[in-house]
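J.: One structure, pasted below without further comment.
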Amino acid sequence: MTIHLKLDQKPTARPARKGFVAILSMVVLGSTLLFSNSGFAFEGLGRTASKDEVKAWDIDVRPDFVGLPKGSGSVQKGMDVWEAQCASCHGVFGESNEVFTPIVGGTTAEDIKRGRVQSLKDGSSPQRTTLMKVPTVSTLWDYINRAMPWTAPKSLSTEEVYAVTAYILNMGGIVGDDFVLSNTNIAQVQGKMPNRNGMQTNHGMWLASGKPDVKEKRCMSNCKPDAKVISYLPEYAKDAHGNLIDQNRLVGPVRGVVTVVAKAGESAAAPKVSMSSGESLFNANGCVACHGVDNKKLGPSVVAVANKYADRKDAKAYLAGKIKTGSSGVWGDMPMPAQAHLSDEDTNALSDWFLSRKK
(Lines of atoms letter the chains of each structure in order from A and count residues from 1; the text may use other names and numbers.)
(Lines give C-alpha, C1' and ligand atoms only; values in the text may rest on other atoms or scores of the structure.)
Protein backbone atom coordinates (compact mmCIF):
# COMPACT_ATOMS: atom_id res chain seq x y z
CA MET A 1 0.00 0.00 0.00
CA THR A 2 1.38 3.45 -0.96
CA ILE A 3 0.07 6.88 -0.04
CA HIS A 4 0.96 9.76 -2.38
CA LEU A 5 1.17 13.18 -0.75
CA LYS A 6 1.10 16.26 -2.94
CA LEU A 7 3.59 18.73 -1.53
CA ASP A 8 2.03 21.70 -3.28
CA GLN A 9 -1.48 20.96 -2.04
CA LYS A 10 -2.86 23.43 0.46
CA PRO A 11 -4.10 21.86 3.68
CA THR A 12 -7.86 21.92 4.01
CA ALA A 13 -8.38 19.47 6.88
CA ARG A 14 -8.96 20.53 10.44
CA PRO A 15 -5.89 20.27 12.76
CA ALA A 16 -7.17 17.10 14.45
CA ARG A 17 -7.72 15.39 11.10
CA LYS A 18 -4.30 16.52 9.89
CA GLY A 19 -2.68 14.86 12.87
CA PHE A 20 -4.61 11.64 12.29
CA VAL A 21 -3.59 11.54 8.63
CA ALA A 22 0.04 12.08 9.55
CA ILE A 23 0.00 9.23 12.07
CA LEU A 24 -1.80 6.91 9.62
CA SER A 25 0.74 7.72 6.92
CA MET A 26 3.62 6.84 9.24
CA VAL A 27 2.01 3.52 10.22
CA VAL A 28 1.30 2.52 6.62
CA LEU A 29 4.77 3.54 5.46
CA GLY A 30 6.40 1.61 8.29
CA SER A 31 4.39 -1.56 7.63
CA THR A 32 5.06 -1.29 3.90
CA LEU A 33 8.81 -1.11 4.45
CA LEU A 34 8.69 -3.94 6.99
CA PHE A 35 6.83 -6.48 4.82
CA SER A 36 8.48 -5.47 1.54
CA ASN A 37 11.91 -6.34 2.92
CA SER A 38 12.83 -9.53 1.10
CA GLY A 39 14.96 -10.63 4.03
CA PHE A 40 12.09 -10.58 6.49
CA ALA A 41 11.13 -13.96 7.97
CA PHE A 42 9.27 -15.34 10.95
CA GLU A 43 11.82 -17.02 13.17
CA GLY A 44 11.26 -20.74 13.60
CA LEU A 45 8.34 -20.92 11.16
CA GLY A 46 8.66 -23.17 8.13
CA ARG A 47 11.67 -24.12 6.06
CA THR A 48 12.75 -24.18 2.47
CA ALA A 49 11.36 -27.16 0.56
CA SER A 50 13.97 -29.68 -0.54
CA LYS A 51 14.54 -30.49 -4.20
CA ASP A 52 13.02 -33.93 -3.69
CA GLU A 53 9.87 -32.39 -2.13
CA VAL A 54 9.47 -29.92 -4.98
CA LYS A 55 9.95 -32.73 -7.48
CA ALA A 56 7.29 -34.85 -5.74
CA TRP A 57 4.78 -32.00 -5.76
CA ASP A 58 5.53 -30.78 -9.28
CA ILE A 59 3.50 -33.39 -11.16
CA ASP A 60 1.20 -31.30 -13.36
CA VAL A 61 1.12 -32.03 -17.08
CA ARG A 62 0.51 -29.05 -19.33
CA PRO A 63 -1.35 -29.06 -22.66
CA ASP A 64 2.04 -28.77 -24.41
CA PHE A 65 3.02 -31.95 -22.51
CA VAL A 66 5.66 -30.29 -20.37
CA GLY A 67 5.80 -32.40 -17.22
CA LEU A 68 4.65 -35.61 -18.93
CA PRO A 69 6.82 -38.51 -17.73
CA LYS A 70 8.26 -41.01 -20.16
CA GLY A 71 6.32 -44.22 -20.44
CA SER A 72 3.56 -46.07 -22.25
CA GLY A 73 0.45 -48.13 -21.69
CA SER A 74 -1.76 -50.26 -23.93
CA VAL A 75 -5.52 -50.28 -24.38
CA GLN A 76 -5.57 -53.93 -23.25
CA LYS A 77 -3.71 -53.08 -20.04
CA GLY A 78 -6.04 -50.14 -19.51
CA MET A 79 -9.09 -52.39 -19.75
CA ASP A 80 -7.72 -54.61 -16.99
CA VAL A 81 -7.03 -51.63 -14.71
CA TRP A 82 -10.40 -50.08 -15.57
CA GLU A 83 -12.40 -53.15 -14.67
CA ALA A 84 -10.50 -53.56 -11.40
CA GLN A 85 -10.44 -49.95 -10.19
CA CYS A 86 -12.66 -47.69 -12.30
CA ALA A 87 -15.78 -49.50 -13.48
CA SER A 88 -17.45 -49.54 -10.06
CA CYS A 89 -17.95 -45.77 -10.28
CA HIS A 90 -17.82 -45.06 -14.01
CA GLY A 91 -19.46 -48.16 -15.51
CA VAL A 92 -18.00 -50.93 -17.64
CA PHE A 93 -18.02 -48.71 -20.73
CA GLY A 94 -17.56 -45.34 -19.01
CA GLU A 95 -21.24 -44.63 -19.54
CA SER A 96 -22.50 -44.80 -15.95
CA ASN A 97 -24.40 -41.85 -14.54
CA GLU A 98 -24.91 -43.37 -11.10
CA VAL A 99 -21.98 -41.88 -9.16
CA PHE A 100 -20.38 -39.37 -11.53
CA THR A 101 -21.37 -37.94 -14.89
CA PRO A 102 -20.50 -40.23 -17.82
CA ILE A 103 -17.00 -40.14 -19.27
CA VAL A 104 -17.74 -41.64 -22.68
CA GLY A 105 -20.52 -40.93 -25.16
CA GLY A 106 -21.99 -38.16 -27.27
CA THR A 107 -19.14 -37.91 -29.79
CA THR A 108 -19.01 -39.02 -33.41
CA ALA A 109 -16.43 -39.79 -36.08
CA GLU A 110 -17.25 -36.42 -37.66
CA ASP A 111 -16.50 -34.70 -34.35
CA ILE A 112 -13.07 -36.35 -34.31
CA LYS A 113 -12.36 -35.10 -37.84
CA ARG A 114 -13.69 -31.62 -37.15
CA GLY A 115 -12.35 -31.14 -33.62
CA ARG A 116 -15.62 -29.67 -32.40
CA VAL A 117 -18.46 -31.67 -30.84
CA GLN A 118 -21.62 -30.87 -32.75
CA SER A 119 -23.99 -31.83 -29.97
CA LEU A 120 -22.44 -29.13 -27.78
CA LYS A 121 -23.44 -26.56 -30.39
CA ASP A 122 -26.95 -27.74 -31.19
CA GLY A 123 -27.87 -29.23 -27.81
CA SER A 124 -28.90 -32.56 -29.33
CA SER A 125 -27.28 -34.66 -26.59
CA PRO A 126 -29.29 -35.02 -23.37
CA GLN A 127 -26.14 -34.98 -21.25
CA ARG A 128 -22.57 -33.80 -21.59
CA THR A 129 -19.82 -36.36 -21.09
CA THR A 130 -16.13 -35.87 -20.36
CA LEU A 131 -15.02 -36.70 -23.90
CA MET A 132 -17.57 -34.26 -25.30
CA LYS A 133 -16.10 -31.39 -23.29
CA VAL A 134 -12.40 -31.97 -22.67
CA PRO A 135 -10.24 -30.35 -25.39
CA THR A 136 -6.81 -31.68 -24.33
CA VAL A 137 -5.68 -35.24 -23.76
CA SER A 138 -3.16 -33.94 -21.22
CA THR A 139 -6.09 -33.03 -18.96
CA LEU A 140 -7.20 -36.66 -18.88
CA TRP A 141 -3.70 -37.93 -18.16
CA ASP A 142 -3.03 -35.32 -15.48
CA TYR A 143 -6.31 -35.81 -13.62
CA ILE A 144 -6.12 -39.60 -13.66
CA ASN A 145 -2.55 -39.43 -12.42
CA ARG A 146 -3.20 -37.09 -9.49
CA ALA A 147 -6.74 -37.99 -8.43
CA MET A 148 -7.69 -41.51 -9.46
CA PRO A 149 -8.85 -43.94 -8.31
CA TRP A 150 -11.04 -41.90 -6.02
CA THR A 151 -10.49 -44.20 -3.05
CA ALA A 152 -6.69 -44.24 -3.48
CA PRO A 153 -5.44 -41.22 -5.47
CA LYS A 154 -1.88 -41.23 -6.83
CA SER A 155 -1.68 -45.00 -6.44
CA LEU A 156 -1.53 -45.82 -10.17
CA SER A 157 1.83 -46.39 -11.82
CA THR A 158 2.89 -44.32 -14.84
CA GLU A 159 2.16 -47.31 -17.10
CA GLU A 160 -1.31 -47.69 -15.60
CA VAL A 161 -2.11 -44.00 -16.12
CA TYR A 162 -1.07 -44.23 -19.78
CA ALA A 163 -3.08 -47.44 -20.12
CA VAL A 164 -6.29 -46.11 -18.53
CA THR A 165 -6.07 -42.96 -20.64
CA ALA A 166 -5.64 -45.12 -23.74
CA TYR A 167 -8.65 -47.24 -22.79
CA ILE A 168 -10.88 -44.18 -22.34
CA LEU A 169 -9.76 -42.90 -25.73
CA ASN A 170 -10.49 -46.33 -27.19
CA MET A 171 -14.00 -46.42 -25.73
CA GLY A 172 -14.55 -43.01 -27.32
CA GLY A 173 -13.49 -44.30 -30.75
CA ILE A 174 -10.41 -42.07 -30.82
CA VAL A 175 -7.79 -44.85 -30.92
CA GLY A 176 -7.88 -48.51 -31.95
CA ASP A 177 -8.04 -51.67 -29.85
CA ASP A 178 -4.33 -52.44 -30.26
CA PHE A 179 -3.14 -48.90 -29.58
CA VAL A 180 -0.30 -48.18 -27.13
CA LEU A 181 -0.28 -44.61 -25.79
CA SER A 182 3.14 -43.18 -24.96
CA ASN A 183 4.97 -39.93 -24.40
CA THR A 184 6.18 -40.10 -28.00
CA ASN A 185 2.75 -40.34 -29.70
CA ILE A 186 0.43 -38.50 -27.31
CA ALA A 187 0.83 -35.28 -29.32
CA GLN A 188 -0.59 -37.06 -32.37
CA VAL A 189 -3.55 -38.26 -30.27
CA GLN A 190 -4.21 -34.65 -29.28
CA GLY A 191 -4.94 -34.00 -32.94
CA LYS A 192 -7.87 -36.43 -32.75
CA MET A 193 -9.62 -35.16 -29.61
CA PRO A 194 -13.30 -34.58 -30.52
CA ASN A 195 -13.49 -31.12 -28.92
CA ARG A 196 -9.90 -29.96 -29.42
CA ASN A 197 -11.15 -26.81 -31.18
CA GLY A 198 -13.80 -26.14 -28.61
CA MET A 199 -11.79 -23.83 -26.37
CA GLN A 200 -12.17 -20.09 -26.52
CA THR A 201 -10.37 -17.23 -24.85
CA ASN A 202 -12.57 -14.31 -25.89
CA HIS A 203 -13.75 -13.66 -22.36
CA GLY A 204 -13.51 -10.19 -20.91
CA MET A 205 -11.22 -11.07 -18.02
CA TRP A 206 -9.28 -13.93 -19.63
CA LEU A 207 -6.20 -11.69 -19.59
CA ALA A 208 -5.27 -9.46 -16.67
CA SER A 209 -5.44 -6.51 -19.02
CA GLY A 210 -8.97 -7.37 -20.17
CA LYS A 211 -12.17 -5.56 -19.41
CA PRO A 212 -15.33 -7.08 -17.91
CA ASP A 213 -17.74 -8.34 -20.55
CA VAL A 214 -20.85 -7.79 -18.44
CA LYS A 215 -22.88 -5.09 -20.13
CA GLU A 216 -25.90 -4.80 -17.87
CA LYS A 217 -26.21 -2.07 -15.27
CA ARG A 218 -27.22 -2.85 -11.72
CA CYS A 219 -30.67 -1.54 -10.86
CA MET A 220 -30.54 1.05 -8.08
CA SER A 221 -34.09 2.42 -8.18
CA ASN A 222 -37.54 1.51 -9.53
CA CYS A 223 -36.34 -2.07 -9.87
CA LYS A 224 -38.57 -4.91 -10.92
CA PRO A 225 -39.96 -6.98 -8.04
CA ASP A 226 -38.82 -10.54 -7.43
CA ALA A 227 -39.96 -13.07 -9.98
CA LYS A 228 -43.19 -14.90 -9.22
CA VAL A 229 -43.96 -18.51 -10.01
CA ILE A 230 -46.98 -18.47 -12.27
CA SER A 231 -47.16 -22.17 -13.12
CA TYR A 232 -45.89 -25.47 -11.83
CA LEU A 233 -46.41 -29.17 -12.31
CA PRO A 234 -49.41 -30.50 -10.43
CA GLU A 235 -48.85 -32.78 -7.47
CA TYR A 236 -50.02 -35.89 -9.32
CA ALA A 237 -47.32 -35.41 -11.99
CA LYS A 238 -44.39 -35.40 -9.59
CA ASP A 239 -43.52 -39.05 -10.07
CA ALA A 240 -44.44 -39.29 -13.74
CA HIS A 241 -40.92 -40.60 -14.39
CA GLY A 242 -40.39 -42.38 -11.09
CA ASN A 243 -39.17 -41.35 -7.67
CA LEU A 244 -36.70 -38.47 -8.07
CA ILE A 245 -34.64 -39.39 -5.03
CA ASP A 246 -33.72 -42.65 -6.74
CA GLN A 247 -32.51 -40.83 -9.86
CA ASN A 248 -29.82 -38.57 -8.41
CA ARG A 249 -26.14 -39.41 -8.34
CA LEU A 250 -24.60 -40.19 -4.98
CA VAL A 251 -21.99 -37.46 -5.50
CA GLY A 252 -22.87 -33.88 -6.32
CA PRO A 253 -24.84 -30.89 -5.05
CA VAL A 254 -28.27 -32.12 -6.15
CA ARG A 255 -30.46 -34.11 -3.81
CA GLY A 256 -33.80 -35.38 -5.07
CA VAL A 257 -36.99 -35.38 -3.06
CA VAL A 258 -39.40 -38.24 -2.49
CA THR A 259 -41.97 -37.89 -5.25
CA VAL A 260 -43.93 -41.10 -4.84
CA VAL A 261 -47.62 -40.27 -5.00
CA ALA A 262 -50.02 -42.39 -2.98
CA LYS A 263 -52.46 -44.43 -5.02
CA ALA A 264 -56.19 -43.95 -4.75
CA GLY A 265 -57.48 -45.29 -1.45
CA GLU A 266 -54.06 -45.18 0.18
CA SER A 267 -52.88 -42.59 2.65
CA ALA A 268 -50.15 -40.24 1.48
CA ALA A 269 -47.56 -42.17 3.42
CA ALA A 270 -43.82 -42.25 2.95
CA PRO A 271 -42.34 -44.55 0.27
CA LYS A 272 -41.65 -48.18 0.99
CA VAL A 273 -38.21 -47.34 2.30
CA SER A 274 -38.67 -44.90 5.18
CA MET A 275 -36.44 -41.90 4.72
CA SER A 276 -36.31 -41.43 8.49
CA SER A 277 -34.17 -44.55 8.80
CA GLY A 278 -30.43 -44.08 9.14
CA GLU A 279 -29.62 -46.49 6.33
CA SER A 280 -31.86 -44.66 3.86
CA LEU A 281 -30.33 -41.33 4.84
CA PHE A 282 -26.87 -42.88 4.47
CA ASN A 283 -27.65 -43.85 0.88
CA ALA A 284 -29.66 -40.79 -0.10
CA ASN A 285 -27.03 -38.27 1.04
CA GLY A 286 -24.08 -39.82 -0.73
CA CYS A 287 -22.34 -41.15 2.40
CA VAL A 288 -21.82 -44.47 0.64
CA ALA A 289 -19.45 -42.77 -1.83
CA CYS A 290 -16.83 -42.40 0.92
CA HIS A 291 -17.86 -44.97 3.52
CA GLY A 292 -18.56 -48.65 3.07
CA VAL A 293 -20.69 -50.42 5.63
CA ASP A 294 -18.07 -53.10 6.24
CA ASN A 295 -15.16 -51.82 4.18
CA LYS A 296 -13.00 -48.70 4.24
CA LYS A 297 -13.15 -46.36 1.25
CA LEU A 298 -12.02 -42.74 1.45
CA GLY A 299 -13.23 -42.76 5.03
CA PRO A 300 -13.67 -45.49 7.63
CA SER A 301 -16.37 -48.12 7.41
CA VAL A 302 -19.59 -47.76 9.35
CA VAL A 303 -18.64 -50.80 11.41
CA ALA A 304 -15.25 -49.30 12.28
CA VAL A 305 -16.89 -46.07 13.46
CA ALA A 306 -19.39 -48.00 15.55
CA ASN A 307 -16.69 -50.16 17.14
CA LYS A 308 -14.64 -47.09 18.03
CA TYR A 309 -17.37 -44.98 19.61
CA ALA A 310 -20.19 -47.29 20.73
CA ASP A 311 -18.93 -47.43 24.33
CA ARG A 312 -18.85 -43.66 24.77
CA LYS A 313 -21.63 -42.33 26.98
CA ASP A 314 -22.21 -39.46 24.56
CA ALA A 315 -21.66 -41.53 21.41
CA LYS A 316 -24.91 -40.54 19.71
CA ALA A 317 -24.49 -36.81 20.32
CA TYR A 318 -20.77 -37.00 19.44
CA LEU A 319 -21.36 -38.66 16.07
CA ALA A 320 -24.31 -36.39 15.27
CA GLY A 321 -22.08 -33.38 15.88
CA LYS A 322 -19.32 -34.75 13.65
CA ILE A 323 -21.82 -35.42 10.86
CA LYS A 324 -23.24 -31.93 11.14
CA THR A 325 -19.99 -29.96 11.39
CA GLY A 326 -17.50 -32.21 9.63
CA SER A 327 -14.30 -33.75 10.93
CA SER A 328 -10.65 -34.33 10.06
CA GLY A 329 -7.53 -35.94 11.42
CA VAL A 330 -9.16 -38.78 13.35
CA TRP A 331 -9.15 -41.39 10.58
CA GLY A 332 -6.42 -39.97 8.34
CA ASP A 333 -5.63 -36.88 6.29
CA MET A 334 -8.84 -36.85 4.22
CA PRO A 335 -11.36 -34.46 5.85
CA MET A 336 -15.07 -35.25 5.98
CA PRO A 337 -17.14 -32.28 4.78
CA ALA A 338 -19.86 -30.88 7.01
CA GLN A 339 -23.40 -32.08 6.30
CA ALA A 340 -25.02 -28.88 7.52
CA HIS A 341 -28.10 -29.41 5.34
CA LEU A 342 -29.23 -32.33 7.50
CA SER A 343 -31.74 -31.71 10.27
CA ASP A 344 -31.04 -32.72 13.87
CA GLU A 345 -33.55 -35.53 13.43
CA ASP A 346 -31.61 -36.85 10.45
CA THR A 347 -28.20 -36.66 12.13
CA ASN A 348 -29.58 -38.46 15.18
CA ALA A 349 -31.08 -41.16 12.96
CA LEU A 350 -27.73 -41.60 11.20
CA SER A 351 -25.92 -41.80 14.55
CA ASP A 352 -28.32 -44.45 15.83
CA TRP A 353 -27.86 -46.50 12.68
CA PHE A 354 -24.05 -46.19 12.79
CA LEU A 355 -23.92 -47.34 16.40
CA SER A 356 -26.27 -50.26 15.68
CA ARG A 357 -23.69 -51.71 13.30
CA LYS A 358 -21.18 -52.49 16.05
CA LYS A 359 -19.69 -55.97 15.77
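Any Cβ shown, glycine's included, is placed from N, Cα and C.
Remember, TrEMBL labels are computer predictions, not curated facts.
The annotation heme c binding site is assigned in TrEMBL to CYS287, HIS291, MET336. The annotation domain 'Cytochrome c' is assigned in TrEMBL to 73-172, 273-358. The transmembrane segment feature in TrEMBL is assigned to 20-42.
For each listed feature, how buried is it and what is near it?
T.: Here the Cβ of MET336 (heme c binding site) has 19 other Cβ atoms within 10 Å, regardless of which shown protein chain they belong to. Look at MET336 (heme c binding site): DSSP puts it in a strand.
Counting residues per DSSP class in helix, strand and coil order gives 55 helix, 2 strand, 43 coil for the domain 'Cytochrome c' (73-172).
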J.: Which whole-number mean pLDDT does the model give the domain 'Cytochrome c' (273-358)?
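T.: Mean pLDDT across the domain 'Cytochrome c' (273-358) comes out at 83.
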J.: Under the DSSP assignment, what numbers of helix, strand and coil residues are found in the domain 'Cytochrome c' (273-358)?
T.: 42 helix, 4 strand, 40 coil
J.: With every protein chain in view, how many other Cβ atoms are within 10 Å of the Cβ of HIS291 (heme c binding site)?
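T.: Other Cβ atoms within 10 Å of HIS291 (heme c binding site): 22.
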J.: Count the Cβ atoms, other than its own, that fall within 10 Å of the Cβ of CYS287 (heme c binding site), considering every protein chain shown.
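T.: A count of 22.
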